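J.: Annotation comment: TrEMBL describes 61-170 as domain 'THUMP'. Feature annotation from TrEMBL assigns ATP binding site to 188, 189, 270, 292, 301.
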Ligand code: ATP
Ligand code: MG
């Protein structure tokens with residue numbers, strides 16, 4: 001029989017949710033099941049207060065990598081079920097700790113035991129001592145020390161009625177809430193650095209975030225489209241089952257360029273993006289929009305220009321980056337694996353569509369005057385009709 005691994009998944013914030021608690025836990029368990037799809041021999045249970053995943057040892061690392069991407073997971077640890085024999089438990093601890101010892105550097109460790117089976121002859125403290133002293137005896141000379149409060153490695157032992165499990169050091173999860181527990185929203189995603197980070201932050205608050213991309217293909221080529229597809233695929237690792245809506249935008253941009261005052265153009269493009277996004281969201285039953293706007297970052301993100309777009313939509317607009325500095329956004333984009341995709345060079349449509357002096361203080365009545373000069377309602381309708389819908393899971 002192949003050796004089995006027991007993974008203990010902990011959640012924390014879910015615990016605050018009163019009567020909805022079981023809905024949250026079921027959602028998290030379902031998301032975990034989905035994230036582990038394709039790995040053989042997975043069994044998921046929900047013992048009180050946590051989720052337990054059993055899998056063959058060969059699949060443990062892959063399962064761990066996927067669990068680290070599931071919002072709602074506070075931490076998890078990989079463990080092995082065994083007899084409650086001090087020698088054997090210590091042997092396993094040595095196996096795990098030894099590779100972490102660097103020449104001459106001290107490593108702090110401790111053992112923490114939980115005893116669900118109170119019939120077990122030793123107390124938790126005694127088990128800590130028995131196992132800990134055996135490990136220390138073997139590795140002390142290599143730099144291992146005991147430190148209960150600041151351990152670099154904590155060996156956890158759970159002595160249950162049926163079996164005892166010994167766990168490796170805990171691995172931090174993403175925390176947040178399970179995707180789907182808050183509902184569904186629509187995120188405006190461009191090929192830039194900011195929007196993928198913004199979408200991720202809302203995912204972490206329990207939303208499934210579908211993407212909408214306004215594509216100016218004739219001017220930007222297929223580069224932008226491919227980039228957004230790859231960004232969506234990367235983000236989908238944290239949620240799955242998302243859609244990407246691709247709206248052809250060139251006709252709208254051309255009309256604005258040809259009929260409206262140059263300094264207002266950028267805000268006018270954005271008003272159309274918001275209107276179309278709202279219409280798609282309403283049709284699909286999504287309850288909010290998400291954007292990567294950050295206050296003052298570029299001309300379109302002044303208070304006046306943000307008001308000029310927000311005022312158009314009745315849905316909530318979430319701007320999780322509004323108060324975040326660019327370097328912090330970049331740091332998170334790197335962590336998420338979107339940064340490298342976002343910075344790939346891409347043809348720029350600025351030269352064709354961006355006015356030399358975009359306004360930072362647009363006035364609503366002027367924008368409305370400009371909009372009276374082109375038939376935006378018809379263009380909007382036709383763009384929505386030509387929209388492509390991509391199931392992101394199917395991108396592989
Ligand atoms: P990003 O890095 O996300 O592209 P940015 O700093 O370039 O943002 P803007 O171009 O003003 O700023 O865009 C602000 C937000 O508007 C973006 O974060 C995104 O949510 C949305 N957005 C901009 N362009 C598009 C587009 N072509 N398709 C979909 N959404 C867009
Ligand atoms: Mg951009």
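First residue shown is number 1, and so on along the chain.
Cβ atoms here come from the backbone N, Cα and C positions, even for glycine.
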J.: Counting only other Cβ atoms and using a 10 Å cut-off, which of the binding-site residues 188, 189 scores lowest?
T.: 188
J.: Just to confirm: which same-chain residues, 6+ apart in sequence, have a Cβ under 8 Å from the Cβ of residue 301 (ATP binding site)?
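T.: In sequence order, the residues whose Cβ lies under 8 Å from that of residue 301 (ATP binding site) (at least 6 apart) are 293, 294, 295.
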J.: Using a 10 Å cut-off on CB atoms, tell me which of the binding-site residues 270, 292 is the least crowded.
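T.: Counting other Cβ atoms within 10 Å of each of the binding-site residues 270, 292 gives the minimum at 270.
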J.: Do you know the mean pLDDT across the domain 'THUMP' (61-170)?
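T.: For the domain 'THUMP' (61-170), the model's average pLDDT rounds to 95.
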J.: Check the DSSP secondary structure of residue 270 (ATP binding site), expressed as helix, strand or coil.
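T.: Assignment for residue 270 (ATP binding site) reads helix.
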J.: Under the DSSP assignment, what numbers of helix, strand and coil residues are found in the domain 'THUMP' (61-170)?
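T.: Across the domain 'THUMP' (61-170), the residues distribute as 41 helix, 31 strand, 38 coil.
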J.: Given the binding-site residues 188, 189, 270, 292, return the subset with CB under 6 A from an atom of ligand 2, ordered by sequence, or none if empty.
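T.: Checking each Cβ against ligand 2, none of them comes under 6 Å.
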